[in-house]
């Protein structure tokens, strides 16, 4: 049985992760951690850590995980470029699954988006829309950013130059190479994501809607189990699910 450290235990996702770990017959909660608590004692007694806390905690977690040779599943979003680079650097020493979304359905959306972009992208106007609950603190969501990165790569565009975050005022006709990004917040929406490919005469929409955080939590536990025995490296949920081989 794999012993798992759950960080950010007081948060919504921390609670969901704890429940998912408890429900899985192959895992147990070895320890939990929250802001202000010492990390080493909690990490030392576990086989792997699942982190859905806050991006500002990532540097501390990475340092302790590397020092103690512990695999990590990182689901926190909103990282700065420096923090993302720290994750890449740490993956040279330990195996890390780093994903913006651990839902199996969302990762199918990632795969489908890449394929659709390869078929349609060059001739379509592309827009990404996401909606989350009123308490979410970052925008756009990590999942929406991943979708835009997938789209940019699939149609050979630069993310920074192509993505436009919302529109206001007299912006003029839509440039063909734009990828529009739109964030909505309200209510208790767990997470909705839509990719739109619009051309003259037709429109393709790919949509995923999550109704429970348990879908993310169960995917993160699946990733933690998959990490056991892996070589150091930076992995994604597409690796965990085998989608990168399709």
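Cβ atoms are placed via backbone N, Cα and C, with glycine included.
Features as listed in Swiss-Prot:
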BINDING   8, 9, 10, 11, 12, 13, 75, 76, 77, 99, 100, 101, 102  NAD(+) binding site
ACT_SITE  132  active site, proton donor/acceptor
BINDING   133, 142, 143  (S)-2,3,4,5-tetrahydrodipicolinate binding site
ACT_SITE  136  active site, proton donor
Query raised in the report: Does DSSP put the residue listed as 'active site, proton donor/acceptor' in a helix, in a strand, or in coil?
Result: strand
Report summary line: For residue 10 (NAD(+) binding site), the number of neighbouring Cβ atoms whose distance to its own Cβ is within 10 Å equals 11
Query raised in the report: For residue 10 (NAD(+) binding site), which of the recorded positions 132, 133, 136, 142, 143 has the nearest Cα in space?
Result: 136
Report task. Could you tell me which of these recorded positions, 12, 132, 133, 136, has the greatest number of Cβ atoms within 10 Å of its own Cβ? Result -> 132
Query raised in the report: Quick one: largest C-alpha distance among 8, 9, 10, 11, 12, 13, 75, 76, 77, 99, 100, 101, 102, binding NAD(+) per the record, in angstrom?
Result: 21
Query raised in the report: Does DSSP give residue 143 ((S)-2,3,4,5-tetrahydrodipicolinate binding site) helix, strand or coil?
Result: helix
